[in-house]
Ligand code: MRU
(Lines of atoms letter the chains of each structure in order from A and count residues from 1; the text may use other names and numbers.)
(Lines give C-alpha, C1' and ligand atoms only; values in the text may rest on other atoms or scores of the structure.)
Protein backbone atom coordinates (compact mmCIF):
# COMPACT_ATOMS: atom_id res chain seq x y z
CA UNK A 1 0.00 0.00 0.00
CA UNK A 2 1.55 3.35 -1.05
CA UNK A 3 0.92 6.61 0.77
CA UNK A 4 0.84 10.10 -0.66
CA UNK A 5 0.99 12.83 1.94
CA UNK A 6 -0.43 15.84 0.12
CA UNK A 7 0.05 18.36 2.89
CA UNK A 8 -1.02 19.30 6.35
CA UNK A 9 -4.69 20.25 6.32
CA UNK A 10 -3.93 23.44 8.23
CA UNK A 11 -3.48 26.37 5.88
CA UNK A 12 -4.74 24.49 2.84
CA UNK A 13 -7.17 25.96 0.32
CA UNK A 14 -10.69 24.62 0.96
CA UNK A 15 -11.32 21.81 -1.54
CA UNK A 16 -13.67 18.91 -1.81
CA UNK A 17 -11.99 15.74 -0.66
CA UNK A 18 -13.21 12.49 -2.17
CA UNK A 19 -12.79 9.57 0.22
CA UNK A 20 -12.51 7.09 -2.68
CA UNK A 21 -11.39 7.41 -6.30
CA UNK A 22 -10.64 4.81 -8.93
CA UNK A 23 -7.54 6.05 -10.77
CA UNK A 24 -7.74 3.55 -13.63
CA UNK A 25 -5.16 1.37 -11.94
CA UNK A 26 -5.83 1.35 -8.25
CA UNK A 27 -8.22 2.51 -5.56
CA UNK A 28 -7.15 5.82 -4.08
CA UNK A 29 -8.39 6.19 -0.53
CA UNK A 30 -8.23 9.17 1.80
CA UNK A 31 -6.99 7.89 5.15
CA UNK A 32 -9.74 9.16 7.45
CA UNK A 33 -7.87 8.06 10.55
CA UNK A 34 -5.38 10.88 10.00
CA UNK A 35 -7.85 13.72 9.48
CA UNK A 36 -7.95 16.59 10.20
CA UNK A 37 -4.20 16.91 10.79
CA UNK A 38 -2.95 15.16 7.69
CA UNK A 39 -4.37 14.59 4.22
CA UNK A 40 -2.90 11.28 3.13
CA UNK A 41 -4.09 9.25 0.16
CA UNK A 42 -3.44 5.52 0.07
CA UNK A 43 -3.08 3.46 -3.13
CA UNK A 44 -4.82 0.13 -2.68
CA UNK A 45 -4.03 -2.73 -5.05
CA UNK A 46 -5.20 -5.82 -3.16
CA UNK A 47 -8.55 -6.94 -1.74
CA UNK A 48 -6.83 -7.65 1.56
CA UNK A 49 -5.69 -4.02 1.76
CA UNK A 50 -9.31 -2.95 1.31
CA UNK A 51 -10.36 -5.38 4.07
CA UNK A 52 -7.78 -3.89 6.42
CA UNK A 53 -8.76 -0.30 5.50
CA UNK A 54 -12.42 -0.98 6.32
CA UNK A 55 -11.58 -2.88 9.52
CA UNK A 56 -9.25 -0.15 10.79
CA UNK A 57 -11.66 2.61 9.66
CA UNK A 58 -9.33 4.29 7.20
CA UNK A 59 -12.54 4.32 5.20
CA UNK A 60 -15.76 4.43 7.20
CA UNK A 61 -19.40 5.45 6.89
CA UNK A 62 -21.94 2.98 5.57
CA UNK A 63 -22.10 3.94 1.85
CA UNK A 64 -18.32 4.49 1.58
CA UNK A 65 -17.66 1.06 3.07
CA UNK A 66 -19.93 -0.49 0.43
CA UNK A 67 -18.19 1.37 -2.39
CA UNK A 68 -14.72 0.41 -1.11
CA UNK A 69 -15.73 -3.24 -0.81
CA UNK A 70 -17.08 -3.25 -4.38
CA UNK A 71 -13.70 -2.05 -5.69
CA UNK A 72 -12.08 -4.55 -3.33
CA UNK A 73 -13.77 -7.43 -5.16
CA UNK A 74 -12.30 -6.23 -8.44
CA UNK A 75 -8.83 -5.84 -6.90
CA UNK A 76 -9.15 -9.39 -5.57
CA UNK A 77 -9.91 -10.90 -8.98
CA UNK A 78 -8.11 -8.77 -11.52
CA UNK A 79 -4.83 -10.74 -11.38
CA UNK A 80 -6.53 -14.12 -10.97
CA UNK A 81 -6.15 -16.53 -13.87
CA UNK A 82 -8.82 -19.22 -13.46
CA UNK A 83 -7.83 -22.78 -14.34
CA UNK A 84 -9.99 -24.93 -16.64
CA UNK A 85 -10.07 -26.82 -19.91
CA UNK A 86 -13.02 -24.88 -21.26
CA UNK A 87 -14.14 -21.27 -21.09
CA UNK A 88 -17.19 -22.41 -19.16
CA UNK A 89 -15.02 -24.02 -16.50
CA UNK A 90 -12.74 -20.97 -16.28
CA UNK A 91 -15.75 -18.69 -15.91
CA UNK A 92 -17.15 -20.94 -13.20
CA UNK A 93 -13.85 -20.77 -11.33
CA UNK A 94 -13.80 -17.00 -11.64
CA UNK A 95 -17.31 -16.88 -10.19
CA UNK A 96 -16.11 -18.99 -7.26
CA UNK A 97 -13.23 -16.56 -6.76
CA UNK A 98 -15.59 -13.55 -6.81
CA UNK A 99 -17.62 -15.22 -4.06
CA UNK A 100 -14.51 -16.06 -2.05
CA UNK A 101 -13.24 -12.46 -2.18
CA UNK A 102 -16.71 -11.08 -1.38
CA UNK A 103 -17.05 -13.48 1.58
CA UNK A 104 -13.75 -12.27 2.97
CA UNK A 105 -14.61 -8.57 2.55
CA UNK A 106 -17.96 -9.18 4.26
CA UNK A 107 -16.09 -10.00 7.50
CA UNK A 108 -14.47 -6.54 7.74
CA UNK A 109 -17.26 -4.85 9.74
CA UNK A 110 -20.66 -6.21 10.84
CA UNK A 111 -23.17 -3.38 11.28
CA UNK A 112 -23.39 -1.27 8.11
CA UNK A 113 -25.66 -3.20 5.78
CA UNK A 114 -24.36 -1.28 2.74
CA UNK A 115 -21.27 -3.50 2.86
CA UNK A 116 -23.34 -6.66 2.36
CA UNK A 117 -25.69 -4.89 -0.05
CA UNK A 118 -22.80 -3.89 -2.35
CA UNK A 119 -21.20 -7.33 -2.23
CA UNK A 120 -24.54 -9.04 -2.90
CA UNK A 121 -25.17 -6.70 -5.80
CA UNK A 122 -21.88 -7.77 -7.39
CA UNK A 123 -22.65 -11.45 -6.79
CA UNK A 124 -26.13 -11.12 -8.37
CA UNK A 125 -24.80 -9.20 -11.34
CA UNK A 126 -22.16 -11.89 -11.87
CA UNK A 127 -24.74 -14.67 -11.82
CA UNK A 128 -27.04 -12.78 -14.24
CA UNK A 129 -24.19 -12.00 -16.62
CA UNK A 130 -22.80 -15.54 -16.61
CA UNK A 131 -26.23 -16.99 -17.35
CA UNK A 132 -26.82 -14.51 -20.21
CA UNK A 133 -23.28 -14.94 -21.50
CA UNK A 134 -23.50 -18.74 -21.75
CA UNK A 135 -26.58 -18.31 -23.98
CA UNK A 136 -24.86 -15.71 -26.16
CA UNK A 137 -22.90 -16.44 -29.33
CA UNK A 138 -20.73 -13.32 -29.09
CA UNK A 139 -16.96 -13.79 -29.09
CA UNK A 140 -14.33 -12.40 -26.79
CA UNK A 141 -12.43 -13.22 -23.65
CA UNK A 142 -15.31 -13.83 -21.27
CA UNK A 143 -13.10 -14.13 -18.26
CA UNK A 144 -11.79 -10.61 -18.85
CA UNK A 145 -15.32 -9.40 -19.66
CA UNK A 146 -16.56 -10.69 -16.31
CA UNK A 147 -13.71 -8.94 -14.49
CA UNK A 148 -14.59 -5.68 -16.26
CA UNK A 149 -18.24 -6.17 -15.34
CA UNK A 150 -17.28 -6.30 -11.66
CA UNK A 151 -15.28 -3.08 -12.04
CA UNK A 152 -18.19 -1.40 -13.82
CA UNK A 153 -20.54 -2.43 -11.05
CA UNK A 154 -18.23 -0.77 -8.51
CA UNK A 155 -18.20 2.41 -10.63
CA UNK A 156 -22.01 2.30 -10.87
CA UNK A 157 -22.44 1.85 -7.13
CA UNK A 158 -20.23 4.89 -6.53
CA UNK A 159 -21.91 7.07 -9.18
CA UNK A 160 -25.42 6.12 -8.02
CA UNK A 161 -24.49 6.97 -4.44
CA UNK A 162 -23.63 10.53 -5.44
CA UNK A 163 -26.99 11.00 -7.18
CA UNK A 164 -28.80 9.37 -4.29
CA UNK A 165 -27.14 11.58 -1.68
CA UNK A 166 -28.05 14.70 -3.61
CA UNK A 167 -31.70 13.63 -3.70
CA UNK A 168 -31.61 12.86 0.03
CA UNK A 169 -30.20 16.35 0.58
CA UNK A 170 -33.01 17.95 -1.44
CA UNK A 171 -35.70 16.10 0.52
CA UNK A 172 -34.02 16.87 3.84
CA UNK A 173 -33.70 20.55 2.98
CA UNK A 174 -37.47 20.77 2.53
CA UNK A 175 -37.71 20.16 6.31
CA UNK A 176 -35.40 23.05 7.21
CA UNK A 177 -35.60 26.84 7.06
CA UNK A 178 -32.94 29.48 6.62
CA UNK A 179 -31.30 30.41 9.92
CA UNK A 180 -32.25 27.19 11.73
CA UNK A 181 -29.94 25.40 14.15
CA UNK A 182 -29.46 21.70 13.39
CA UNK A 183 -27.53 19.17 15.43
CA UNK A 184 -25.76 16.14 13.95
CA UNK A 185 -23.78 13.22 15.32
CA UNK A 186 -20.82 11.26 13.94
CA UNK A 187 -20.02 11.87 10.26
CA UNK A 188 -22.62 11.19 7.59
CA UNK A 189 -21.04 13.57 5.11
CA UNK A 190 -19.14 13.54 1.85
CA UNK A 191 -16.37 11.59 3.53
CA UNK A 192 -18.79 8.78 4.38
CA UNK A 193 -20.31 8.57 0.90
CA UNK A 194 -19.47 9.19 -2.77
CA UNK A 195 -20.33 12.88 -2.31
CA UNK A 196 -22.56 15.24 -0.26
CA UNK A 197 -23.28 12.69 2.46
CA UNK A 198 -26.70 11.78 3.78
CA UNK A 199 -27.30 13.78 6.97
CA UNK A 200 -24.86 16.49 5.86
CA UNK A 201 -26.18 16.76 2.29
CA UNK A 202 -28.83 19.39 3.16
CA UNK A 203 -26.13 21.60 4.69
CA UNK A 204 -24.19 21.66 1.41
CA UNK A 205 -27.34 22.37 -0.61
CA UNK A 206 -28.45 25.05 1.85
CA UNK A 207 -25.08 26.75 1.53
CA UNK A 208 -25.31 26.62 -2.27
CA UNK A 209 -28.66 28.43 -2.18
CA UNK A 210 -27.39 31.09 0.19
CA UNK A 211 -29.01 29.86 3.40
CA UNK A 212 -27.21 30.04 6.71
CA UNK A 213 -27.95 26.92 8.74
CA UNK A 214 -26.16 26.77 12.09
CA UNK A 215 -24.83 23.28 12.49
CA UNK A 216 -23.87 21.81 15.85
CA UNK A 217 -21.56 18.80 15.48
CA UNK A 218 -21.26 16.32 18.34
CA UNK A 219 -17.65 15.35 18.95
CA UNK A 220 -18.69 11.64 18.86
CA UNK A 221 -16.60 9.73 21.35
CA UNK A 222 -14.61 7.53 21.21
CA UNK A 223 -13.33 7.82 17.61
CA UNK A 224 -14.29 11.51 17.24
CA UNK A 225 -15.83 11.35 13.76
CA UNK A 226 -17.79 14.52 14.59
CA UNK A 227 -14.74 16.50 15.66
CA UNK A 228 -12.23 15.11 13.17
CA UNK A 229 -14.47 14.67 10.11
CA UNK A 230 -17.81 16.54 10.30
CA UNK A 231 -16.30 19.71 11.78
CA UNK A 232 -13.48 19.46 9.22
CA UNK A 233 -15.56 18.92 6.09
CA UNK A 234 -18.20 21.53 6.98
CA UNK A 235 -15.57 24.09 7.93
CA UNK A 236 -13.74 23.48 4.64
CA UNK A 237 -17.02 24.13 2.83
CA UNK A 238 -17.54 27.42 4.69
CA UNK A 239 -20.62 26.16 6.57
CA UNK A 240 -21.38 27.60 10.01
CA UNK A 241 -20.44 24.72 12.31
CA UNK A 242 -19.95 24.65 16.08
CA UNK A 243 -18.27 21.67 17.70
CA UNK A 244 -19.64 20.41 21.03
CA UNK A 245 -18.74 17.47 23.25
CA UNK A 246 -21.39 14.73 23.25
CA UNK A 247 -22.49 15.59 26.77
CA UNK A 248 -23.33 19.18 25.79
CA UNK A 249 -26.24 18.32 23.47
CA UNK A 250 -28.87 18.58 26.24
CA UNK A 251 -27.73 22.06 27.16
CA UNK A 252 -27.68 23.22 23.53
CA UNK A 253 -31.23 21.92 23.12
CA UNK A 254 -32.45 23.47 26.35
CA UNK A 255 -31.18 26.84 25.20
CA UNK A 256 -33.32 26.56 22.06
CA UNK A 257 -30.34 26.68 19.72
CA UNK A 258 -31.39 23.70 17.59
CA UNK A 259 -34.72 23.12 15.86
CA UNK A 260 -33.86 19.72 14.40
CA UNK A 261 -31.49 16.78 14.76
CA UNK A 262 -30.37 14.88 11.67
CA UNK A 263 -28.14 11.79 11.61
CA UNK A 264 -27.15 9.07 9.18
CA UNK A 265 -27.51 5.37 9.83
CA UNK A 266 -25.71 2.08 9.26
CA UNK A 267 -28.82 -0.03 9.10
CA UNK A 268 -32.56 0.54 9.40
CA UNK A 269 -34.60 -2.50 10.42
CA UNK A 270 -37.92 -3.25 8.73
CA UNK A 271 -39.83 -1.74 11.68
CA UNK A 272 -37.90 1.55 11.47
CA UNK A 273 -35.47 0.93 14.35
CA UNK A 274 -32.22 2.68 13.46
CA UNK A 275 -28.64 1.57 14.14
CA UNK A 276 -26.17 4.43 14.07
CA UNK A 277 -23.03 5.61 15.83
CA UNK A 278 -23.00 5.08 19.57
CA UNK A 279 -24.69 8.02 21.24
CA UNK A 280 -27.42 8.41 18.64
CA UNK A 281 -30.05 6.78 20.86
CA UNK A 282 -29.33 9.19 23.73
CA UNK A 283 -29.60 12.09 21.34
CA UNK A 284 -32.99 10.87 20.09
CA UNK A 285 -34.29 10.64 23.66
CA UNK A 286 -33.03 14.16 24.35
CA UNK A 287 -34.67 15.44 21.17
CA UNK A 288 -38.02 13.95 22.20
CA UNK A 289 -37.69 15.48 25.68
CA UNK A 290 -37.17 18.89 24.08
CA UNK A 291 -39.85 18.45 21.41
CA UNK A 292 -37.28 18.64 18.62
CA UNK A 293 -37.77 16.51 15.47
CA UNK A 294 -35.25 13.69 15.06
CA UNK A 295 -34.52 12.87 11.41
CA UNK A 296 -32.57 9.95 9.95
CA UNK A 297 -31.16 10.29 6.43
CA UNK A 298 -30.13 7.25 4.39
CA UNK A 299 -30.22 5.63 0.97
CA UNK A 300 -32.53 2.69 0.34
CA UNK A 301 -29.44 0.46 0.41
CA UNK A 302 -29.22 1.10 4.17
CA UNK A 303 -32.75 -0.19 4.82
CA UNK A 304 -32.60 -3.88 5.63
CA UNK A 305 -36.04 -5.39 5.14
CA UNK A 306 -34.58 -8.79 6.06
CA UNK A 307 -33.95 -7.66 9.63
CA UNK A 308 -37.36 -7.29 11.28
CA UNK A 309 -36.33 -5.28 14.37
CA UNK A 310 -33.36 -3.35 15.69
CA UNK A 311 -32.44 -5.88 18.36
CA UNK A 312 -31.46 -8.26 15.53
CA UNK A 313 -28.92 -5.82 14.04
CA UNK A 314 -25.38 -7.01 14.81
CA UNK A 315 -23.60 -4.33 16.83
CA UNK A 316 -19.86 -4.09 16.40
CA UNK A 317 -17.73 -3.91 19.54
CA UNK A 318 -14.31 -2.36 19.00
CA UNK A 319 -11.01 -2.47 20.81
CA UNK A 320 -10.85 -1.05 24.35
CA UNK A 321 -7.90 1.13 23.33
CA UNK A 322 -10.33 3.45 21.49
CA UNK A 323 -11.72 4.33 24.93
CA UNK A 324 -8.60 4.18 27.09
CA UNK A 325 -6.11 5.77 24.66
CA UNK A 326 -8.38 7.72 22.33
CA UNK A 327 -6.58 11.00 22.79
CA UNK A 328 -3.15 9.67 21.90
CA UNK A 329 -2.31 8.99 25.54
CA UNK A 330 -3.65 6.74 28.26
CA UNK A 331 -6.73 8.29 29.91
CA UNK A 332 -7.83 5.38 32.14
CA UNK A 333 -6.14 3.03 34.60
CA UNK A 334 -4.40 -0.07 33.25
CA UNK A 335 -6.56 -3.18 33.52
CA UNK A 336 -9.89 -1.28 33.68
CA UNK A 337 -12.94 -3.09 32.26
CA UNK A 338 -14.20 -1.36 29.10
CA UNK A 339 -17.42 -1.66 27.08
CA UNK A 340 -17.00 -0.19 23.59
CA UNK A 341 -19.96 -0.73 21.24
CA UNK A 342 -19.50 1.24 18.02
CA UNK A 343 -23.26 1.63 17.42
CA UNK A 344 -26.58 1.73 19.24
CA UNK A 345 -30.15 1.21 18.14
CA UNK A 346 -32.71 4.00 18.34
CA UNK A 347 -36.23 2.58 18.70
CA UNK A 348 -38.56 3.69 15.92
CA UNK A 349 -40.84 5.70 18.22
CA UNK A 350 -38.08 8.31 18.55
CA UNK A 351 -37.63 8.73 14.79
CA UNK A 352 -39.72 11.60 13.40
CA UNK A 353 -38.96 10.72 9.76
CA UNK A 354 -36.56 8.73 7.59
CA UNK A 355 -35.31 10.70 4.61
CA UNK A 356 -34.41 8.65 1.53
CA UNK A 357 -33.76 9.35 -2.14
CA UNK A 358 -37.39 8.41 -2.75
CA UNK A 359 -38.75 10.94 -0.28
CA UNK A 360 -39.61 11.44 3.38
CA UNK A 361 -41.03 8.43 5.18
CA UNK A 362 -43.03 8.90 8.37
CA UNK A 363 -44.48 6.38 10.85
CA UNK A 364 -45.80 3.78 10.77
CA UNK A 365 -42.49 2.49 9.40
CA UNK A 366 -43.76 -1.08 9.49
CA UNK A 367 -46.39 0.00 6.95
CA UNK A 368 -44.48 2.65 5.00
CA UNK A 369 -40.99 1.22 4.54
CA UNK A 370 -42.14 -1.75 2.40
CA UNK A 371 -43.79 0.71 -0.02
CA UNK A 372 -40.30 2.01 -0.92
CA UNK A 373 -39.41 -1.38 -2.33
CA UNK A 374 -42.71 -2.04 -4.07
O1 MRU B 1 -17.99 3.77 12.65
P2 MRU B 1 -18.32 4.65 11.48
O3 MRU B 1 -17.53 5.91 11.47
O4 MRU B 1 -18.24 3.89 10.18
O5 MRU B 1 -19.83 5.04 11.71
C6 MRU B 1 -20.47 5.84 10.76
C7 MRU B 1 -21.84 6.23 11.13
O8 MRU B 1 -22.34 5.86 12.17
C9 MRU B 1 -22.60 7.04 10.12
O10 MRU B 1 -23.54 7.85 10.75
C11 MRU B 1 -23.34 6.09 9.16
O12 MRU B 1 -22.47 5.13 8.63
C13 MRU B 1 -23.98 6.84 8.03
S14 MRU B 1 -22.79 7.46 6.87
C15 MRU B 1 -23.67 8.24 5.62
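Please read every residue number as a count from 1 along the shown chain.
Each Cβ is built from the backbone N, Cα and C atoms, and glycine gets one as well.
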Site co-member for substrate according to TrEMBL, given 60, 61, 62, 225, 276, 277, out of 21, 104, 109, 321: 109
Around the Cβ of residue 225 (substrate binding site), the count of other Cβ atoms that are within 10 Å: 28
Coarse DSSP state, helix versus strand versus coil, of residue 277 (substrate binding site): strand
Among 61, 62, 109, 225, 277, the binding-site residues whose C-beta sits under 6 Å from ligand 1: 61, 62, 225, 277
Among 60, 109, 277, the one of these binding-site residues whose Cβ has the fewest neighbouring Cβ atoms within 10 Å: 109
